[in-house]
């Protein structure tokens with residue numbers, strides 16, 4: 001397949017034993033997610049050629065590594081963003097940005113001025129790395145990677161070394177990157193909120209093995225998803241802004257289901273991504289007439305499984321298979337309502353958050 | 001004046017040539033010591049560091065044998081058409097490189113290790129070939145270490161005495177360097193000449209130590225990005 005990234009690696013790196021085999025599409029953001037020590041950074045470094053683990057790596061029809069071949073890092077058309085910005089301290093911001101560009105023979109489709117504009121670097125261009133904030137440095141290092149005209153962007157927890165403020169400052173640039181450039185990205189992260197907000201595809205990793213991989217919504221809501229047991233579990237649903245009501249409520253359609261959102265920056269026609277946390281969903285047999293809860297949507301129960309000693313997890317489906325999300329309720333409520341798989345119920349969603357406006 | 005100038009000129013020549021060779025030989029050695037994952041590398045590092053603790057006469061004795069007609073010197077001498085490299089300027093250069101090598105290698109290795117692998121990895125992901133990475137990233141980042149290595153190597157060669165006496169003797173214009181000349185002047189009770197040369201060395205040494213510590217301070221002040 002020439003339109004995908006396929007990665008098969010099996011071997012040891014020091015004490016660590018890696019054995020993975022998965023594919024990711026040549027578009028959108030694929031998140032490699034898992035706890036520290038699961039091998040996600042090792043995989044990313046192997047794709048870059050910085051680690052050498054036996055296996056095969058193919059990207060968009062080109063082989064970068066197999067039994068006979070190992071393309072050295074500087075010959076792979078990648079852009080790598082490290083956890084720490086790692087700017088060259090002896091070069092100015094401008095010289096850092098053009099370091100890779102000057103060494104790239106590929107057509108310069110990504111232009112200097114556009115990257116400066118996209119990442120908001122204009123006022124930093126003649127400064128030195130030591131005089132930048134953490135967030136600014138990371139933006140420069142993203143720009144530097146982009147200007148080397150990569151066919152694949154590799155991001156190793158690019159936000160984790162940043163504080164909350166710097167993170168909030170940089171996330172919108174990531175979303176801009178995603179919508180304005182057509183470069184596929186592998187994003188290593190251990191932060192589920194980054195996955196929910198940014199990823200289109202998800203590879204779940206644990207102890208050097210792939211637990212699940214596929215489209216984000218599929219992996220999140222798969223009945224046996226290893227994520228389902230997390231207390232902070234949330235589903236992510238893609239939707240379209242249908243209209244803005246006079247009282248300021250945005251009506252988002254997920255399939256035929258209407259979801260109401262408090263968001264003032266939307267306009268009709270926007271593609272959005274909404275997040276529904278399992279802990280924010282309660283179940284009723286009938287639509288409550290006198291409730292302050294804005295979102296009460298008809299769903300059917302796809303599966304019921306116990307979670308710990310006192311809770312029950314429900315997988316809920318929207319009509320016409322438009323999407324799935326989860327609810328976490330007490331065992332007592334489950335018994336009281338006598339819920340069965342296949343039941344038609346009302347899901348009351350206490351809060352729906354807007355993740356991204358694409 | 002020729003008696004004073006000849007050893008000064010010879011010393012500067014010897015130290016300059018030695019320093020250039022130290023940089024050419026020492027930098028790859030320091031690079032290898034900094035990055036090699038081979039376990040035996042500390043043994044190599046120890047051998048290079050031996051001149052730090054060996055009495056110069058011991059080092060000089062082995063060098064004399066090595067340079068002589070029955071050692072490497074004789075073998076290379078056959079190629080060059082001479083019988084031996086002992087008691088020649090070329091022999092002094094060889095001995096000085098060995099003697100001063102640890103003084104050059106150590107600061108260079110330290111600066112490579114302080115830089116770490118990350119900048120080189122970053123450069124590789126930005127399409128820089130290995131040689132390009134060395135020139136455009138490693139050399140500028142390790143520059144204080146390289147300069148310190150060069151200054152120390154130069155200064156140490158200038159101050160060399162024991163090894164030179166063993167392998168070079170005291171041939172005016174060929175092997176009679178500053179330190180030997182001072183010794184000679186004192187032996188023959190020519191205090192005025194000994195004073196002039198010694199005071200010059202004193203000023204020189206002061207300048208060297210000051211410049212090395214200033215270089216080291218500049219390196220420390222470089223904030224890591």
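Cβ coordinates come from backbone N, Cα and C, glycine included.
Here TrEMBL flags B:8-214 as domain 'ABC transmembrane type-1'.
The transmembrane segment annotation in TrEMBL covers B:14-34 (among others). Within the same chain, residues 41, 44-45, 48, 89, 92-93, 96-97, 100-101, 104-106, 108-109, 112-113, 134, 138, 146, 149-150, 153-155, 157-158, 177 sit at least 6 positions outside the transmembrane segment (B:14-34) and bring their C-beta atoms closer than 8 Å to a C-beta of that stretch.
Annotation comment: TrEMBL describes B:43-65 (among others) as transmembrane segment. Residues 29, 33, 71, 86, 91, 94-95, 98-102, 105-106, 160-167 of the same chain sit 6 or more residues outside the transmembrane segment (B:43-65) yet have a Cβ under 8 Å from a Cβ within it.
Per TrEMBL, the feature transmembrane segment maps to B:85-105 (among others). Within the chain carrying the transmembrane segment (B:85-105), a Cβ under 8 angstroms from the stretch's Cβ atoms is held by residues 10, 13-15, 17-19, 21-23, 25-26, 29-30, 33, 48-52, 56, 59-60, 63-64, 67-68, 73, 76-77, 149-150, 152-153, 156-157, 160, 163-164, 167-169, 171, 174-175, 177, all 6 or more beyond its ends.
Packing against the transmembrane segment (B:134-155) from elsewhere in the chain are residues 15-16, 18-19, 22-23, 26-27, 30-31, 100-101, 103-112, 114-115, 119-120, 122-123, 128, 204-205, 208, 211-212, 215-216, 218-219, 222: each is 6 or more residues past its ends and has a CB under 8 Å from a CB in it. Annotation comment: TrEMBL describes B:134-155 (among others) as transmembrane segment.
Summarising the annotation, TrEMBL assigns transmembrane segment to B:194-216 (among others). Listed by sequence, the residues of this chain that lie at least six past the ends of the transmembrane segment (B:194-216) yet keep a Cβ under 8 A from its Cβ atoms are 4, 7-8, 144, 147-148, 151-152, 154-155, 158-159, 178, 181-182, 185-186.
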